[in-house]
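Visitor: Heads up, here are the entries from TrEMBL:
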type: TRANSMEM; residues: 6-25; note: transmembrane segment
type: TRANSMEM; residues: 102-124; note: transmembrane segment
type: TRANSMEM; residues: 136-156; note: transmembrane segment
type: DOMAIN; residues: 138-257; note: domain 'Phosphatidic acid phosphatase type 2/haloperoxidase'
type: TRANSMEM; residues: 216-236; note: transmembrane segment
type: REGION; residues: 259-278; note: region 'Disordered'
């Protein structure tokens, strides 16, 4: 099985989760009346979406060439992390069962992609763009902090640092997943855990905007907690990475809240009409 087949599996699984969540969380009534809201919200947050794409592109560049830069200017903190927490991840893996491994493998890949993408779609359907705007800003901060940390700090995950004690459970149960993860990760960029920071960011924002989608809050919390644990259970991250990810999540949500309500919808609409002559 190649990369495209694995990616297709993930996309297909996430689309199934989307279909269920749109009905359960968003509701048929809002879906039926969404067209005008979607267009208006897209115009309102267009610049912020553009900024997010710029940061994601920068992360892609850093992922390809940043390793060489890291070895020139970065600090290898793997030994310090191990000195702090020792064999905690190995102890956690001692409780492994086939059912737990299947669950944590699923949430690490499928659940993570769903958790990050669904709120963007859901809040795009909400008539107040603030919730969508704050999610976008928080994502920008997450990826921005990650970009800097992955250059400044060199850190190998427990499965690479002590393979005699920690097993790569995701790859032993689903070897094809490595085709996908190697496209977006490097062995030295585990600090902080962006899986944790982004997942917890979504959960914190789900709490902040729980009046919009009350059912989304408990779902996001359960997924965020599961994903955070999965990063350690699968041997990918240290507990220290997860704690750092929690701090990044708190920072990201704080910055997003301070950013306010985002661009003024009326001014954005005027700019859009001026640009396209309507």
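Here the Cβ of each residue, glycine as well, is placed from N, Cα and C on the backbone.
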Visitor: Could you pull out which residues elsewhere in the chain have a CB under 8 Å from any CB of the transmembrane segment (216-236), counting only those six or more residues past its ends?
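Guide: Non-local partners: 21, 25, 88-89, 92-93, 96, 100-101, 103-105, 107-108, 111-112, 114-115, 119, 122, 157-159, 166-170, 190, 193, 195-196, 199-200, 202-203, 206-207, 210, 242, 245-246.
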Visitor: Over the domain 'Phosphatidic acid phosphatase type 2/haloperoxidase' (138-257), work out the mean pLDDT and round it to an integer.
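Guide: Mean pLDDT for the domain 'Phosphatidic acid phosphatase type 2/haloperoxidase' (138-257): 92.
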